[in-house]
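Heads up: the structure comes next, in structure tokens.
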Amino acid sequence: GPGPGDAGAQPHGLGPGIGPGSGEALAALAAFGKLLLSLAPVYVAGRLGLSLGFVLLGLALYAGWRAARRAKERSLRAARRLLQDEERHVSAAAAGLCLSARELPAWVSFPDVEKAEWLNKILAQAWPFFGQYMEKLLVENIAPMIRASNTHLQTFAFTKVDMGEKPLRVMGVNVHTGQNKKQILLDLTISYVGDVHIDVEVKKFFCKAGVKGMQLHGVLRVILEPLIGDMPIVGALTMFFIRRPTLDINWTGMTNLLDIPGLSSLSDSMIMDSIAAFLVLPNRLLVPLVPNLHDVAQLRSPLPRGIVRVHLREARDLQSKDKYVKGLIEGKSDPYALVRVGTQVFTSQVIDESLNPAWNETYEFVVHEVPGQELEVEVFDKDPDQDDFLGSASGWFPLQDSGRGQLHLRLEWLTLLSDASKLEQVLQRNRGISSKPEAPSAAILVVYLDRAQELPVSIGALKKPGKEPNPMVQLSVQDVTRESRVVYNTSSPVWDDAFRFFLQDPANQDIDIQVKDDTRQTSLGSLSVRLSRLLSAEDLTLDQWFQLENSGPGSRIYMKLVMRILFLDAPEVCNTPQPCAPGQLDGETSTFAGSSVDMPPRPSRASPDAQFGTEVHVIRIHLLEAENLIAKDNFMGGMIRGKSDPYAKVRLGGQSFRSHVVKEELSPRWNEVYEVVVNEIPGQEVEFEIYDKDIDKDDFLGRCKIALKRVLSSRFIDEWLPLEDVKSGRLHVRLECLAPTPNSAELEQVLMVNSLTQTQRSAELSSALLSVFLDRAADLPLRKGSKPPCPYVSLSVRNVSYKSKTATSTSEPIWDEGFSFLVKRPHVESLELQVKDEGGQGLGSLSLPLTQLLAAETLTLDRWFPLSRAGPGSQVLLRVQLGILVSQHSGAEPRSAPSAGEEAESPPGGSEPELYVGEDGEPGAAGPAQELRQRLTHVDSNSELVEGPLGQLQLTVWYHMDERKLVVIVHSCRKLRASSKDIPDPYVSLILLPDKNRVTKRKTTVRKRTLNPEFNERFEWELPPEEATRRRLEACVKNSVSFMSREKEPLGKVHLDLSQMDLAQVKAQW
């Protein structure tokens, strides 16, 4: 039995004075404490007077968090079981006992994927040492950086770093052969289901958090390139994920909150975005294996394999997600599509309340890797809270994961060409494509930004004098801007970055480069390169140093610019028809012949928006002159200052114009006019840039801008604008907003004013704006095989054309699109309309002379128009509206004639000058032909005139004091007399007497076979005013004949003594 000394013995494992009963009491006390802690939120809510809803919300969040945690733990356990005994699970799956095909290793589902157990054994052996490396990296490198980043994190520390015992596994390896003999391409299907445990702590705030377990699954592509003839044979390793990998993290500590539903997907998505920005295409991790590796930037960002153009047409039979009265009433959906290739994502417009949405949108994706990348399309229902998933499609498949719905896509593969021989063919095809939201691209530009040298030392307000800058580069093509990374504390940075830009018109676009200090307040230099230089370069490539402007004398930047033309190497791409419902023809919609049963009645008028015809404006830009520009043409190292050869570039509304070059002038005068049709889209600006024309590279002379909103509100601006980014210089411009007016009575005056204000170097000014609303068509002819067409419409006025969207498989298409055209001469122009099938077959055409609009009330036609070269009942519904563009600030208003009853004043001298038109050409001579006498200055042009047998010539003669020029406008002739049986081809020849030489001789263009030609051409002579009054003007109307003909006689001649005319008055006279 126990001795007396054993009476006080303690049970094993318990401390002194603590028996089994005491341990149970402590456990009960701990459980009671947890219960009180869980009830604490209820007590606090009652104490603060909060409603029961807050308590229920907390309970719901807790329940969701617990469910998410348990789901993650189950997923981790299942993945670990699979990795621990892969063979047993694969055998069980083959027998149909457990895992689905999606959960199996890649080598099971894909015969070209090989097992890599030898590699997994290497990883398992090396994993503990990898854990040691990660612990050292996090504790010694990452933690100090985090503590230095913020004063609140000065007590941050990693309290535990354990990479666990479960290594990364390679589930399969696929080696791609035959792609490129200079590289080895591997696809590794990786799976990491780790028992990683990392804890962090911020002692200052008593905050602990961490990660305990995570999963990462994806396909990692490894490229061994370039292969070299020296050891180690491979020059570099390039690694990236082709698609975004899947990630699942099990949080601990304070980060437990991230497992709450909603926050869980958000946190994982943010982390995944960080990984994607580093390791998902087009981003790559490059590991050089040899020193001084060339073309590092091209290895990190190689030229794309091609471009895929995705036409997102429509969907049908989508699920209805909007339900009412707890699902008793089924509504519709508000679908939109998410189109993705790698990290490139586009979102379509939302179609309200439709289960059969039609988007008709086009997107262009850069394809970096073939094989590997995929096109993914997901369709969602737009909701105020969370968008409902309606399904997804990859390529041409029906929507998956939704049970119903089909998607109609058209895909085009664009090859990259290294020569510009087919650029015009590409541009011509693109003009016929109606693309939204962006115009189709004709080329792609890849910029390899290498390094810069001798950048100026920053002396900005935030920098100490003489301190090295932190340079970064901004690259812009039109409205697309990219930024490089920042290189700190150096005037000779090395970036090794690459950037890509889509180009719509390479011949007329520039790339602008700005080198800036990272403070964004100091410019270190700039550069503008016209992309037309690449079109004439070998292999469409420029690989050279570029001198920086507005920088140091030796500041330069090294870049490689590579352009590739996007060519569709087939007249017709594969266009898979829509899947059809049972019992229906392939992609067809049944039509009703000879019956309107169940068909809606056709409208008699078009239905445009109420603002149709008034929502657009015409901006007339008058580029006048500049002064005090910088002299860029210096000689002998700058010892002799020269001048510049300036020209201007004007941009507005996606259109750009370029003036002529004025040689050796620091105060050039251009006097050019441009016209642009614009919409009231916020943020638009009229941009002006001045350059000095040089043989190699054009020098920048300054820029300035005017907000379009200001032009639209003030209607007219005439200002000197100071040039920005240069030391001196200013630009004189006039801008006028012209509002279309539906009044044909204004047209003659507008044509007259335009001829007076038109400058010698500008195109003919527009007199009207034509607005066309294309509503629909009816009874279009069917294709061969009685299939309905996929019609679109091409509209053109003169040399300007537009293309509508393409309707899908119908002979009753509805387009609902508007177009605008600038019209020079409405009397002689017409609207040409062609309806075509998608394959190019003509379905009908219409030619509408604009004279019909001039005769219509309010200059508008709104009705059905029959189509020619079409079916018997084919017609199109249009609203066509003409608006006259009346300028209120032309500066050359025609003088009105005196009204009836007014006494016309006599010219100085008391007698009225007379005009003789004779065949012999001598003033005042009366030949065998009758003479025509017409009073010059004060005759109403609308009154009945006394005419002779030779006809009449209408001229405007005046002296422009501002430009110090004599201006003559030849308007027209009427009732000319033919000197033979053939109708003549007249033109007018002008000469200033007494000098009968080529210097003063001018002539109009020839008008074919007419006795009433219209010219409306302007001619100028630079003369001082006193010299002009001493001249006589001879205008001879002649017949243009071949040199073989003997018919040399003029049709008539006019002599004007300029000393007897008031050259200050501007008036057209017969």
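From the backbone N, Cα and C atoms, a Cβ is placed for every residue, glycine too.
In TrEMBL, annotation is done automatically, which means it is predicted and not curated.
Ranges compared are 22-43, 44-65, and TrEMBL records transmembrane segment for 44-65. Note: the domain 'C2' (755-869) comprises 11 helix, 56 strand, 48 coil (DSSP; helix = H, G, I, strand = E, B). Outside the transmembrane segment (222-242), and at least 6 residues removed from its termini, the chain residues within Cβ reach (under 8 Å) are 180, 182-188, 275-276, 279-281, 283-290, 293, 299-300, 342, 369, 372-373.
Per-residue pLDDT, averaged over the domain 'C2' (600-721), rounds to 84. In terms of DSSP helix, strand and coil, the domain 'C2' (949-1070) has 7 helix, 54 strand, 61 coil.
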